[in-house]
């Protein structure tokens, strides 16, 4: 009965919605004949970002064991599908709708009414693929042990509420970017994040931290004395290919955030993106080579992604040399951050917490340090953005505040969500299911039907009781 009532209400809302501002684009084109070029640019870049889902899927699959690969792929597929519907119905309105008290948007539900407009829906699509990125980050950290149903609920909540509300604070005219206090302290502008080091990556990374804490480590990850054991992924080639896909897609992520093909700064944005990734990869490779005597493939991949994450916020406002410094520090964060977490009993399968969480925070702070005053809030228009190295200590403090708020919101809401799910339905599969593998346990399928399983972990599962 309740379900039928909800459907009826939804139909009524859609039927009574007023016509969009410009659903066929005629008026928009009349006002600005050059706008189609910008539309094509933004959409193509959005397509690149959407394809990053494949990169995340490949990277996570490569770092996971063969018995869990179908589950990994299914999670990455469905967080985009579920997230698309959630962001369509609720998320976009909360993020980009008419501002209410600097907290959230209040218009644009179901892309109906005035939101049924070519310009608005272009923005919806671009923000959607960012929402999908934020959601899928968590998948890798918690791989090989969560219930698939729990992951679906999580994907819907992140795309509908957690990402949109924080996104509104930065990108929708909310309090972090636009309040009088923040703007005055920053010297004419509040908190900034060009393409999402904080809004997307740190958000996903700190939700992952909360989830990993509540899930517990995989069976066999730690010995009886609490020392970590290596659990190798089944295919490093997948991980490297996934890294290449992410690196390529990131040009759409960062350069596409201009939302305009007429913005010539895209050359610097793209170059900064590449340099930071390269510096992160080389740094992580060097650290593992010196530490272990051989360069680690997985850590090198993570170093590249960490560099990409860190440059995402400052990419439009810093010089190329700064991007190398930012990427180098991100390489240190990715490696030492992973080892630091591992020693504390936090089993992050792909290293997403240091790569996206810690490096995302570093990206927000780096913007407050290295912004050089050559680029403004709106292209070359004043005010031009400067950081600590160029005399604007106030903006540096603004970015520190933004980083603290980002952690508090992401970790707090993520912990609350997974804690509630743990109490209500449970968030982890049984020990027997974990040892069998989530491909069979959750989907009655296997990714490699012709492979012979050589793992004999069921006795260990029974002994350790699921690590909970």
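One-based numbering along the chain as shown.
The backbone N, Cα and C atoms fix where each Cβ goes, and this holds for glycine too.
Model, not experiment: these values are computed from the prediction.
Going by Swiss-Prot, these are the annotated features:
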type     : residues : note
TRANSMEM : 1-21     : transmembrane segment
TRANSMEM : 39-59    : transmembrane segment
TRANSMEM : 77-97    : transmembrane segment
TRANSMEM : 123-143  : transmembrane segment
TRANSMEM : 156-176  : transmembrane segment
TRANSMEM : 194-214  : transmembrane segment
SITE     : 201      : site 'Twin-His motif. Important for optimum substrate conductance'
TRANSMEM : 236-256  : transmembrane segment
TRANSMEM : 268-288  : transmembrane segment
TRANSMEM : 297-317  : transmembrane segment
TRANSMEM : 321-341  : transmembrane segment
TRANSMEM : 350-370  : transmembrane segment
SITE     : 356      : site 'Twin-His motif. Important for optimum substrate conductance'
TRANSMEM : 400-420  : transmembrane segment
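Around the Cβ of residue 201 (site 'Twin-His motif. Important for optimum substrate conductance'), the number of neighbouring Cβ atoms within 10 Å comes to 35.
Taking Cβ-Cβ distances under 8 Å and a sequence separation of 6 or more, the neighbours of residue 356 (site 'Twin-His motif. Important for optimum substrate conductance') in its chain are 137, 201, 202, 204, 205, 208, 305, 309. Residues 41-42, 44-49, 51-52, 54-63, 126, 130, 133, 194-196, 266, 269-270, 272-274, 277, 297-298, 301, 304-305, 308, 311-312, 315-316 of the same chain, all 6+ positions outside the transmembrane segment (236-256), place their C-beta atoms under 8 angstroms from a C-beta of that stretch. Beyond the transmembrane segment (268-288), the same-chain residues lying 6 or more positions past its ends with a Cβ under 8 Å from any Cβ of the stretch are 194, 247, 250-251, 253-255, 257-258, 294-296, 299-308, 310-312, 314-316, 318, 320, 322-328, 330-332, 334-336. Between the transmembrane segment (400-420) and the transmembrane segment (194-214), three or more CB pairs separated by 6 or more residues in sequence fall under 8 Å, so the two stretches touch.
Between the transmembrane segment (77-97) and the transmembrane segment (156-176), the number of CB pairs under 8 angstroms, six or more residues apart, is three or more, so the stretches are in contact. Under the criterion of 3 or more C-beta pairs below 8 Å, with sequence separation of 6 or more, the transmembrane segment (350-370) and the transmembrane segment (194-214) qualify as touching. Using a Cβ-Cβ cut-off under 8 Å and counting only residues 6 or more beyond its ends in the same chain, the transmembrane segment (123-143) has close neighbours at 42-43, 45-46, 49-50, 52-53, 56-57, 59-60, 63-64, 68, 72, 75-76, 79-80, 83-84, 87-88, 91-92, 95-96, 111, 115, 151, 154-155, 158-159, 163-164, 167, 171, 196, 199-201, 203-205, 207-209, 211-212, 215, 253, 256, 259, 348-353, 356, 414. Beyond the transmembrane segment (156-176), the same-chain residues lying 6 or more positions past its ends with a Cβ under 8 Å from any Cβ of the stretch are 79, 82-87, 89-97, 99, 102-105, 127, 130-132, 134-135, 138, 182, 190-193, 198-200, 203-204, 207, 401-402, 405-406, 409-410, 413-414, 417. Secondary structure at residue 356 (site 'Twin-His motif. Important for optimum substrate conductance'), as computed by DSSP, is helix.
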